[in-house]
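The block underneath contains the structure these notes are about, expressed in structure tokens.
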Amino acid sequence: MENSEGVKIESTVVTEEPLISALDIALFVVIITVAYFWYFKRDKQSSSSEKKPYTIQPSSLSSIEQTSNSSFIKKLKSTGRSLVVFYGSQTGTAEEFAGRIAKEGARYKMKGMVADPEECDMADLVEMKEIQKSLAIFCIATYGEGDPTDNAMDFYEWLQNGDADLEGLNYAVFGLGNKTYEHYNEIAIYIDQRLEELGATRVHEIGLGDDDANIEDDFVSWKEKLWESVCSHYGIEETGEESNIRQYKLVDCSEVLPERIFSGEISRLKSYENQRFPFDVKNPYLSKIAVNRELHKSGDRSCMHIEFDIDGSKMRYDTGDHVAVYPKNSSELVDKIGELLNADLDAVFSLLNTDEESSKKHPFPCPCTYRTALTYYLDITSNPRTHIMKELIEYASDPKDQEKLKLMASSTPEGKKEFHEWILRDNRNIVHILEDLPSVKPDLDHLCELLPRLQCRYYSISSSPKVYPKSIHITAVLVNYTTSTNRVNKGVATNLLAQLIPTNDELPQPTIPIYIRRSQFRLPPKSQTPIIMIGPGTGLAPFRGFIQERDYARKEGREIGEMVLYFGCRKEDGDFIYENELQEYVANGTLTKLHLAFSRDQPEKKYVTHLLEQNADELWNIIGEKSGHLYVCGDARSMAKDVHSIIVKVVMEKGQMTNSQALNYVKKMEQQKRYSADVWS
């Protein structure tokens with residue numbers, strides 16, 4: 001045996017105390033091990049840095065964000081810019097609008113940049129006054145029930161809690177909302193008012209975009225007036241130069257090694273092959289489809305019950321949460337684009353931002369093939385916006401096609417009408433446009449730059465983790481309809497899900513990327529609290545989870561409060577989903593009352609709202625006398641509004657209040673989370 005200096009020690013002498021103890025030996029081993037790994041890790045890094053066979057490296061959104069500089073002021077100053085456009089976006093629309101404004105700034109001698117408030121130190125707004133003729137524009141969406149988007153949450157809280165002196169900051173705000181929701185554009189309105197309170201100067205009045213009508217029209221109209229105000233405020237004139245300069249340049253990546261090419265991953269290369277917890281919007285979990293069965297018993301419509309296997313994923317959800325599903329476009333539509341543009345869809349490429357200071361180096365994960373981009377990253381089924389019409393003009397060889405595109409890209413009344421009728425009313429997507437304007441042949445890489453990102457789809461979870469801890473259930477209606485041009489449009493996510501049927505043999509089961517989005521749609525903390533649930537159609541989904549959870553508590557011997565469900569569908573014998581389950585819950589006492597409305601089973605239409613009006617005493621007994629909770633899930637445009645009106649009326653009549661008092665009562669219920677809505681338009 002040798003010590004660390006190589007001196008031999010006689011092991012035959014047992015009467016003396018050893019010179020080296022077990023601790024010394026352990027420390028020696030640790031030192032040698034650390035030195036070994038340090039040396040070889042350094043050697044490996046050194047050698048790998050010398051062996052790069054190509055120049056374009058795959059990038060991801062997360063890596064870009066980690067390396068971005070949080071000081072947007074430094075970027076503005078170092079690049080001679082005076083315009084910064086922040087976006088609060090959940091689906092990508094606000095980010096798209098921000099990009100269009102920043103791009104147009106060049107026409108007014110204002111070099112602009114787009115910024116994500118989540119990546120910026122927003123306290124730097126106090127330094128905007130140091131930049132001559134500077135302007136900050138905020139494109140802000142309101143999400144859910146009057147909440148900021150995920151990436152604008154920190155900025156919103158900073159405004160709420162801080163008292164920064166923003167004197168000298170010039171700003172304008174455009175909000176993205178939906179009038180079918182009660183809290184229409186609430187976040188944008190708050191930010192607009194709060195910036196003024198902190199001393200900032202409003203250059204142009206707030207714009208409010210309504211996604212339930214025509215948010216593109218709202219945005220374009222506001223943007224035109226915005227630039228008029230900007231010119232007036234700063235004493236500048238429009239240069240007249242067009243702003244359709246490419247934001248990204250094409251890079252040929254044909255020499256990139258196959259293992260370095262993205263194939264549909266959201267952010268991290270090979271993330272579906274090497275899954276890592278935690279799973280979120282940029283790192284979804286590739287879940288197996290455990291169950292996919294039809295819920296409708298007859299008729300030409302389809303409603304699917306789907307179960308995602310999350311066993312071993314460490315994912316946890318709460319009753320009432322949502323699950324995000326990442327879809328992909330149909331190969332038929334993707335191939336059609338390739339045919340129409342005579343393009344090689346399997347060519348490997350990258351789009352690199354021409355603005356070297358931008359934190360967003362690529363519009364989507366690059367490098368990849370055109371087929372991958374069109375399948376996984378780009379939205380090719382929605383209605384294109386007017387700026388895409390404008391960009392397509394230069395690719396039209398037929399004067400008639402050029403004129404049509406120019407008209408739809410214009411802000412004239414005739415142009416707006418044509419865009420509304422030809423694009424929105426007839427529901428044309430980019431494939432239909434290329435088919436109907438055959439002389440329009442855009443470069444495929446430019447088209448990839450123009451099209452918005454394909455977004456994940458959210459579904460209310462229709463199960464309880466207490467009963468199904470290893471799976472997530474959803475209830476989804478298959479979207480499939482014929483347009484006025486006699487084309488069949490299909491829902492991107494539901495039509496994909498309809499094809500993912502698990503098998504009973506040993507073949508690999510179908511999979512799809514998912515992640516869990518937290519919700520405020522929650523059962524009362526106490527199981528004894530009575531609740532009323534109103535959910536026609538697939539609005540039943542979260543209430544299935546609610547009932548399962550209360551049933552679980554009852555079986556454990558806990559006391560549960562009254563549970564009253566209002567459910568409606570077209571026909572009892574055709575689309576009464578989960579009928580047997582609901583009847584069983586009634587029989588065992590978990591579900592106190594089940595009110596059913598089958599709209600087409602009698603001459604006069606019968607809806608859940610009719611039943612609510614008939615049961616005013618029951619409603620008031622639970623929400624008024626017993627301080628119970630009321631939940632609404634489903635269509636926001638009509639059903640949810642009608643329910644709200646009925647509740648106010650019931651509170652007035654049964655609570656003996658004035659209209660104003662009843663409105664305040666219902667408002668207080670909402671603030672106390674006793675009146676919750678999970679609705680969509």
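Cβ coordinates are placed from backbone N, Cα and C, and glycine is handled just like the others.
In TrEMBL, annotation is done automatically, which means it is predicted and not curated.
Summarising the annotation, TrEMBL assigns FMN binding site to 89-94, 141-144, 176-185, D211. There are 24 other Cβ atoms within 10 Å of the Cβ belonging to Y181 (FMN binding site).
Summarising the annotation, TrEMBL assigns NADP(+) binding site to R301, T538, S599, R600, K605, K606, Y607, V608, T609, D642.
Residue density at Y459 (FAD binding site): 24 other Cβ atoms are found within 10 A of its Cβ, drawing on all protein chains shown. Summarising the annotation, TrEMBL assigns FAD binding site to R457, Y458, Y459, S460, T475, A476, V477, Y481, G491, V492, A493, T494, W680.
TrEMBL lists 83-227 with the feature domain 'Flavodoxin-like'. Mean predicted confidence for the domain 'Flavodoxin-like' (83-227): the pLDDT average there is 94.
As annotated by TrEMBL, domain 'FAD-binding FR-type' applies to 282-524.
Per TrEMBL, the feature transmembrane segment maps to 20-39.
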Residue from G144, Y181, Y459, G491 whose C-alpha is spatially nearest that of K605 (NADP(+) binding site), among the binding-site residues: Y181
Neighbourhood of G92 (FMN binding site), C-beta criterion under 8 angstroms, separation at least six: P452, R453, Q455
Residue among binding-site residues V477, G491, A493, Y607, W680 with Cα closest to the Cα of G144 (FMN binding site): W680
From binding-site residues R301, S599, Y607, the one whose Cα lies nearest Y459 (FAD binding site): R301
Surrounding CB atoms that lie within 10 Å of the CB of A141 (FMN binding site), all protein chains: 30
Cβ neighbours of S599 (NADP(+) binding site) where a neighbour is any other Cβ within 10 Å: 16
